[in-house]
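Among the features that TrEMBL reports, ATP binding site is placed at B:Lys7, B:Tyr8, B:Gly9, B:Gly10, B:Thr174, B:Asp175, B:Arg185, B:Lys210, B:Val211. The substrate binding site feature in TrEMBL is assigned to B:Thr47, B:Glu74. The domain 'ACT' annotation in TrEMBL covers B:286-371.
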Number of protein chains: 2
Amino acid sequence: MALIVQKYGGSSVSDAASIQRVARRIAQTRLAGNDVVVVVSAMGDTTDELIDLAAQLTSAPPTREMDILLTAGERISMSLLAMAIDALGVKARSYTGQQAGLITDAEYGRAKIIDVVPGRIQKALDKGMVAIVAGFQGVNTETNDVTTLGRGGSDTTAVAFAAALGADVCEIYTDVDGIFTADPRIVPTARQVARITYNEMLEMAASGAKVLALRCVEYGRRYGVPIHVRSSFSGRVGTLVTDELGTGIPGLLPQDAQAANEAKNGDDMEAPIISGVAHDRTEAKITVVGLPDVPGTAARLFEIVAISGANIDMIVQNVSAQQTGLTDISFTLPAADAPAAIEALTKARADIGFDELLFDDQIGKLSLVGAGMKSSPGISAKLFGALRDAGINIEMITTSEIRISVVTRAEELDSAVRAVHSAFGLDSDGQAVVYGGTGR
Amino acid sequence: MALIVQKYGGSSVSDAASIQRVARRIAQTRLAGNDVVVVVSAMGDTTDELIDLAAQLTSAPPTREMDILLTAGERISMSLLAMAIDALGVKARSYTGQQAGLITDAEYGRAKIIDVVPGRIQKALDKGMVAIVAGFQGVNTETNDVTTLGRGGSDTTAVAFAAALGADVCEIYTDVDGIFTADPRIVPTARQVARITYNEMLEMAASGAKVLALRCVEYGRRYGVPIHVRSSFSGRVGTLVTDELGTGIPGLLPQDAQAANEAKNGDDMEAPIISGVAHDRTEAKITVVGLPDVPGTAARLFEIVAISGANIDMIVQNVSAQQTGLTDISFTLPAADAPAAIEALTKARADIGFDELLFDDQIGKLSLVGAGMKSSPGISAKLFGALRDAGINIEMITTSEIRISVVTRAEELDSAVRAVHSAFGLDSDGQAVVYGGTGR
């Protein structure tokens, strides 16, 4: 049969009952003859509770200690999950990131994976055991210290083990049924996408879609790991992220395969032009007013912003006013990075020579993503038309080969998403289901 | 200055405020110029909560997974404690049992220490850092798996590191002010003992005194580690467990030393005859009635009990009745071991040839402990007299060189302890203070 890596987020293992539900799914997968590796996040709110405890003690916890603290969460969930599987008569062993062989650099809190040496995991599989791996954590072998991977760490752990073990599929179990054409909380008629390419998924994730972390998709694309995003609550077939759009979904249980076949009847297998509409409310806009329009100014400006640690997203430069020789540059960046960027720019004001800085954190970003876009003319016209018909003003525009993003007022973002979703015919008849909070 | 190992139990680190109080004490000790290693238990009820979670999943959790689960508790407390110390401007690093070099056998849940290789701890000390070590846990280097030491594991961890590092003293911080002449909850006039020998402390611990685990005292005696039992709540000078009764207490802070000198004024330095009165309510009595009084019967009987896993404590054999050639044997054992022992004996009834088994779990054991006992005649007479005067019947008696134990009815145990404590002049004028629950 297949080698399947399954990842369960915190909301899927929030209490004893949900751990038992997950254990049953894992046992089923094993008993169907598959080799199974499970990556698990900390239970429910454990991580937040630990962060809160640390915050009661200090406003600047040493990052090494913070990483040791947080990894306790997965240690609890992984051992409990192993016990629950064992109680079903299926052998299971749990392994910390260190024991499982996930080697990282020494950047506490946002460590990067250097290598995966899954010797103990392979041995456990060879003995017919289910191997449970703590998500989100690894070891730096130079210091022999525990590290955490930061945002999206557990998803990335799962894809990394899937790549290292040559798994047939990496199943990411979460609290939604898969990838949707838009956030179902904003667009109740959003449709689940059956398949999506890595590149489209990357654009969706980079544009604010939260189901899969950018980093995890990048890892999957680099190593060609098929990622199957699905719900641990409904058990339904979810969304396959892959480059081979024609193939079936690997690792389906018999009951899954039947459901997938039934679903196919209403789903034509040709790749759609548009995958979905993503949105992002976490960015802010900085406008630098009255910049001298001479070569090198923009370079100097963005150098300073980069040193402040901010990640620039969109940039728009106005046409220079001929009388003054001055121009304005607007750019967007994560709102959390804005204070540092503003401080750095203010300090460099004399050096760069601008008049003033304008700051605006009431913006929203809408992105239309689709691999078919590059071969279909008229997509932007249709997008701008839909926004115009909805009375929504566009403040900035950027495009990639498979994405068009626009900035709107924050309070108009929801209606913008609904208008565009509808204009591109993405609405379904039914209503999507959302099950709970989001895990780590 | 001195190298001091400090151990803090769960009740001393039950929340953020108590972690900060403990951190201040540690920082003071470090800032007074001492090298400091801290062993810490899991916060408050964490361990019980984890056990409860496991119990919701299975009645027989695999011991390997149980050990991984429980060690999460110390991982949380040690990293939080390191943060709290760091916030006071004193450098601190936390280490798991594995990182600290505590090597054990592979007996999950009750692992024995094989070796302590404190290389990382020594390096941290050399850099002037406070080293925080997770109590209760180690690593089995053959399997590379986490193990726990079982009851008294954190105290034993502290003494083991004190021995391996050649520490001047191992301070065990708990929720009482030290070792008392009796349990203050039963005898409100119990006095704190200033000093006690390892052997006396072993007899006290084996006889039911709960402040220090037997195992920890044994380890201390073997390696000659002075153990200072004291309260993390009051900060007062506690009880020194050592063989060198004449020496001062190592590792006292300036304010401690002053308090110790003041205390000395009311305390003559000659070793007292009696250290204290211990009691134990956890035992049960089995009487085997109508045994053939022939050589080898007792040996066969206790062989069977031993194989059942029960630890025998006291044994009394009646004088054989001449007419029948039959005798009775009574023995005590931990009540928890009784069901297995009874089952084993019942199965072997035909083989051994006895009439019936009587079971009694309503017994109490009182033990009078004192190194001066062996050179002071009349101690037993005085003990039995005190019990007679209080109208208390003695059911069994055993003695060692420095201990006399008697079994009474369970409901008479408290008054027996008070009567004996009083008869031996152990009562103080004041009242002892008890601060809270007991840690691990």
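Positions of Cβ are set from backbone N, Cα and C atoms, glycine also.
The most crowded of the binding-site residues listed here (B:Lys7, B:Arg185) is B:Lys7, judged by how many other CB atoms sit within 10 Å of its own CB. For B:Glu74 (substrate binding site), the same-chain residues that are 6 or more apart in sequence and have a Cβ closer than 8 Å to its Cβ are B:Val40, B:Ser41, B:Ala42, B:Thr96, B:Gly97, B:Ala134, B:Gly135, B:Phe136, B:Gln137, B:Ser154.
Across the residues annotated as binding ATP (B:Lys7, B:Tyr8, B:Gly9, B:Gly10, B:Thr174, B:Asp175, B:Arg185, B:Lys210, B:Val211), the widest Cα-Cα separation comes to 24 Å.
Comparing B:Gly9 (ATP binding site) with B:Thr47 (substrate binding site), their Cα atoms are 12 Å apart once rounded.
DSSP states for the domain 'ACT' (B:286-371), grouped as helix (H, G, I), strand (E, B) and coil, give 29 helix, 32 strand, 25 coil.
With every protein chain in view, the residue among the binding-site residues B:Thr47, B:Thr174 whose Cβ has the most Cβ partners within 10 Å turns out to be B:Thr174. Cβ neighbour count within 10 Å across all protein chains ranks B:Gly9 highest among the binding-site residues B:Gly9, B:Val211.
A helical conformation is recorded for B:Thr47 (substrate binding site) in the three-state DSSP classification. Between B:Thr47 (substrate binding site) and B:Thr174 (ATP binding site), the C-alpha separation comes to 17 Å.
The DSSP secondary structure for B:Lys7 (ATP binding site) is strand.
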